[in-house]
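Engineer: This is the structure I have questions about; it appears just below.
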Amino acid sequence: MYRCLGEALLLSRAGPAALGSAAADSAALLGRTRGQPATAPQPGLAPPARRHYSEAAADREDDPNFFKMVEGFFDRGASIVEDKLVEDLKTRESEEQKRNRVRGILRIIKPCNHVLSLSFPIRRDDGSWEVIEGYRAQHSQHRTPCKGGIRYSTDVSVDEVKALASLMTYKCAVVDVPFGGAKAGVKINPKNYTDNELEKITRRFTMELAKKGFIGPGIDVPAPDMSTGEREMSWIADTYASTIGHYDINAHACVTGKPISQGGIHGRISATGRGVFHGIENFINEASYMSILGMTPGFGDKTFVVQGFGNVGLHSMRYLHRFGAKCVGVGESDGSIWNPDGIDPKELEDFKLQHGTILGFPKAKIYEGSILEADCDILIPAASEKQLTKSNAPRVKAKIIAEGANGPTTPEADKIFLERNIMVIPDLYLNAGGVTVSYFEWLKNLNHVSYGRLTFKYERDSNYHLLMSVQESLERKFGKHGGTIPIVPTAEFQDRISGASEKDIVHSGLAYTMERSARQIMRTAMKYNLGLDLRTAAYVNAIEKVFKVYNEAGVTFT
């Protein structure tokens with residue numbers, strides 16, 4: 001199935017013309033025919049044209065079904081990697097048996113395994129009763145526990161939670177976090193409920209998940225998402241620990257994104273936005289990719305626009321601003337603002353906290369039109385899914401699209417961006433900072449000790465002993481005739497001498513994770529000649545890892 005699709009896709013799409021005019025190192029990285037193993041060029045032969053996967057899909061809607069959209073991206077990756085998976089199987093089976101095995105496991109990976117649909121009543125503060133709807137989808141249990149956020153939104157649907165759960169599976173695989181994918185949603189507008197009512201909804205939803213076996217430190221671990229945060233996660237942890245987890249010493253590991261006092265971890269609030277920054281950093285500093293885009297490496301002369309000024313948008317903006325990029329526009333659901341001279345994230349954050357909106361910010365003007373189409377180098381869609389579509393993709397002016405949100409780009413828009421030589425840094429890599437630091441928090445809860453507590457003093461003393469040893473060695477060699485020879489550490493080293501704090505360890509671990517994963521995606525793109533199609537490279541990377549788990553573990557009762 002996947003091979004047939006892949007063969008069809010290999011027929012009729014030529015790579016972007018811009019690739020042929022790139023620098024030599026860029027051409028070596030990105031200029032070959034996409035999707036085929038690297039071979040020496042043959043004089044006089046042009047690369048075979050190829051179709052993009054969205055052209056092969058039956059669904060050509062500008063607003064596709066979200067889960068079908070993710071499945072389409074998966075199919076594209078599967079069609080690219082199937083032959084390699086068959087080739088790498090080290091068994092005595094025939095070629096046909098190997099291919100059947102590979103296709104069978106790919107069919108296991110693709111669908112969403114479990115979807116729990118709930119409805120429960122609450123009594124509101126005015127005495128009226130209301131029935132609340134909620135969902136929890138578990139896409140894959142190839143690794144346990146499952147992991148994924150809980151969002152509160154009137155747009156929540158079965159299709160949405162299935163799509164987001166599947167993205168979580170691939171996201172965890174891309175950054176080597178050993179979780180399966182899951183997602184939950186409660187169909188409410190939290191602005192219409194009091195804090196007391198939201199606590200009732202959250203605690204009751206937790207109990208419903210617990211009764212059905214959809215929450216637990218080793219089963220399924222929720223996290224914050226749209227319109228939820230530390231407060232809601234604290235309610236969930238307390239509800240679970242006070243009921244079904246009463247005798248479980250690891251009960252507070254049932255959820256991540258908690259306050260520090262409830263077992264949370266330093267750096268979790270900003271983790272997704274910081275991950276977005278590190279993801280962009282890894283690609284924007286790669287000279288070969290920047291030469292393809294006609295840009296210079298680094299943040300120094302870059303402008304960017306953020307759509308969505310929530311947790312992800314704010315922290316992405318803060319870190320890019322801190323490293324020299326200039327934010328020229330910010331968009332929200334009620335309007336957008338623009339200032340070509342730059343917008344300060346702290347000033348805008350303070351204004352929004354005071355007024356509840358970014359509109360009216362004195363150091364920017366109202367932007368007429370779609371902020372997604374504003375003139376900038378980097379566009380960060382950090383709001384909701386399916387924001388970049390076939391309709392607006394031709395008008396996007398950014399050279400880099402950094403997907404801070406889940407699923408902001410439809411398949412048709414993705415095709416257009418590839419044709420226009422626009423680099424899309426995909427969601428399943430770029431916004432994985434949240435689940436990465438959630439993994440660190442989960443490990444902290446299981447270990448029952450904060451990061452660095454056992455080593456703070458030892459590391460500090462070791463550093464001072466090292467400096468003293470160097471000083472004494474120099475004095476023995478050159479003598480003390482001119483006095484002692486003090487060893488003065490630099491400011492950066494002085495900050496580290498006292499030992500790494502938990503936040504330092506978390507930030508370092510996140511930066512390393514994003515860097516390593518970016519390199520894996522780049523190598524995969526080169527290996528399969530995918531050019532600027534980083535999304536397919538990320539999906540291929542994820543599929544290879546999930547496939548390996550299923551293949552080596554074996555399939556029970558088949």
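The backbone N, Cα and C atoms fix where each Cβ goes, and this holds for glycine too.
Residues or ranges marked as transit peptide by Swiss-Prot on the basis of similarity to another entry: 1-53. Annotation source Swiss-Prot lists region 'Disordered' at 34-58. The feature N6-succinyllysine is assigned by Swiss-Prot to K68, K84, K363, K390, K477, K545 (among others). According to Swiss-Prot, the feature N6-acetyllysine maps to K110, K191, K399, K503 (among others). Look at Swiss-Prot and you will find S128 (among others) tagged as phosphoserine, backed by similarity to another entry. According to Swiss-Prot, the NAD(+) binding site annotation covers Q141, H142, R143, D176, H252, K444. According to Swiss-Prot, the feature substrate binding site maps to K147, K171, S438, an assignment based on similarity to another entry. According to Swiss-Prot, the feature ADP binding site maps to S450, R516. For K503 (among others), the entry in Swiss-Prot reads N6-malonyllysine, with the evidence type similarity to another entry.
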Engineer: Please work out which residue of H142, K171, K191, H252 has the most C-beta neighbours within 10 angstroms of its C-beta, and give that one of the recorded positions.
Structural biologist: K171
Engineer: Which one of these recorded positions has the most other Cβ atoms within 10 Å of its own Cβ: K110, K444?
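Structural biologist: Of the recorded positions K110, K444, the most buried by Cβ count within 10 Å is K444.
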Engineer: On a simple 10 Å Cβ count over all chains shown, which one of the recorded positions R143, K503 is most densely packed?
Structural biologist: R143
Engineer: Between C-alpha atoms, which of these recorded positions comes nearest to D176 (NAD(+) binding site): S128, K363, R516?
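Structural biologist: Checking each of S128, K363, R516 against D176 (NAD(+) binding site), the shortest Cα distance is to R516.
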Engineer: Round to the nearest Å and give the CA-to-CA distance linking K68 (N6-succinyllysine) with K477 (N6-succinyllysine).
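Structural biologist: Given the Cα positions, K68 (N6-succinyllysine) is 72 Å from K477 (N6-succinyllysine).
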Engineer: Please determine which of the recorded positions listed here (S128, S450) has the lowest count of neighbouring CB atoms within 10 Å.
Structural biologist: S128
Engineer: If one measures from the C-alpha of K545 (N6-succinyllysine) to the C-alpha of H252 (NAD(+) binding site), what distance in angstrom results, rounded to a whole number?
Structural biologist: 29
Engineer: Taking the centroid of the Cβ atoms of K147, K171, S438 as the substrate site, which other residues of that chain lie with their Cβ within 8 Å of it, listed in sequence order?
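Structural biologist: Not counting the recorded site residues, we get G148, M168, C172, V177, F179, G181, A223, A432, G434, V435, T436, Y439.
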Engineer: Please determine which of the binding-site residues listed here (Q141, S438) has the lowest count of neighbouring CB atoms within 10 Å.
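Structural biologist: Counting other Cβ atoms within 10 Å of each of the binding-site residues Q141, S438 gives the minimum at Q141.
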Engineer: When a 10 Å sphere is centred on the Cβ of K545 (N6-succinyllysine), how many other Cβ atoms does it contain?
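Structural biologist: Other Cβ atoms within 10 Å of K545 (N6-succinyllysine): 17.
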Engineer: For Q141 (NAD(+) binding site), which of the three DSSP-derived states applies: helix, strand, or coil?
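Structural biologist: Looking at the DSSP assignment, Q141 (NAD(+) binding site) belongs to neither helix nor strand, so coil.
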